[in-house]
Amino acid sequence: MGNAALRQLAALESVAFDDISGSVIAVDAHNWLYRYLTTTVKFTSDAAYTTESGVEVANLIGVVQGLPKFFEHDLTPVFVFDGGVTELKDEEVQERRVAREEAVELQAAAEERGDELAASRLEARTQRLTETIHETTRGLLNRLDVPIIEAPAEGEAQAAEMAIRGDVDYVGSEDYDTLLFGAPYTVRQLTSKGDPELMDLQTTLKNQNLTREQLVDVAILCGTDFNDGISGIGPATAISAINDHGDLWSVLDARDEFIQHADRVRSLFLDPPVTNEYTLHTTINPDMDAARSYVVDDWEVPADEVERGFERIETSVVQTGLDEWI
């Protein structure tokens, strides 16, 4: 379901950092990294975010700049990384790849005609999370002693499962699909200035007079990352149809419509591949020297791009006591 459509249904409210202080947040690593990656590329020179051999390391700058926001508000992040891409999501991945390739061509044209503003905007659209980006991010998080969980499939689904089990307090993601995966509470806008936004699953269901299963059915009718929706159906129409007919199958029968792999899509949200075999530590004891050396020496990031962030991490971890006990 498109983010704009699902946002219309979600129960959202601004929440002060003080109100969630002391919490553990399962962060959708892919979602968080992508936002910092595109932002870093916009405001950082090429020399700062690529090595001499051309390897992109903007993610390391993003991690160092982004982590202090958690620590300064006494929040413990747990980064949940995606596993393999599900077969049903391959088409979306291909579409994103095509969009990136088109953006690369447009960026080159903008640079050729000297339009620096357009080139800068297009550059952010060309970003992708490579295996090197994932591995270097893991390397830095490990040196900072930030917990990492490897999901068998969708990171959002794994993060939601951890919240359902009570192992974490919130899921951290900008994606509204966390509602469909059953996350009780999602904290949004963790990469933005100002206070975050809290998304509440039970209030969403109550406000829309839906069960979670019916919310998933509404999403499938509108379209998700795993399927195309029914033409002409938006969230209001989908809710009305579900209220009238009860579930997805009855709506499809009544409208004489068909959604390919609808049963599998439904299962991916309601019974996704997740694991309960993980060890979660919430005591943060970063090796700052090792982290600095990894970023500056091993990956050639200019020290002046990250030193302020490292100082904030060091200060905030000690001040909040994250290195002792959460």
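Cβ atoms are placed via backbone N, Cα and C, with glycine included.
Between the candidates Asp74, Asp82, Asp200, Asp217, Swiss-Prot assigns the Mg(2+) 1 site shared with Asp28, Glu154, Glu156 to Asp82. For the Mg(2+) 2 site, Swiss-Prot lists Asp175, Asp177; matching the candidates Asp225, Asp228, Asp244 against that entry yields Asp225.
Given the ranges 264-272, 282-290, 291-299, 318-326, the record in Swiss-Prot names 318-326 as region 'Interaction with PCNA'.
In this view, Glu156 (Mg(2+) 1 binding site) is surrounded by 27 other Cβ atoms within 10 Å of its Cβ, with every protein chain counted. Helix first, then strand, then coil: DSSP counts for the region 'I-domain' (118-246) stand at 65 helix, 18 strand, 46 coil. Asp177 (Mg(2+) 2 binding site) sits 8 Å from Glu156 (Mg(2+) 1 binding site), taking the Cα positions as reference. Sequence-distant neighbours of Asp82 (Mg(2+) 1 binding site) (same chain, six or more apart, CB under 8 Å from its CB) are Ala29, His30, Ala151, Ala153, Glu154, Gly155, listed in sequence order.
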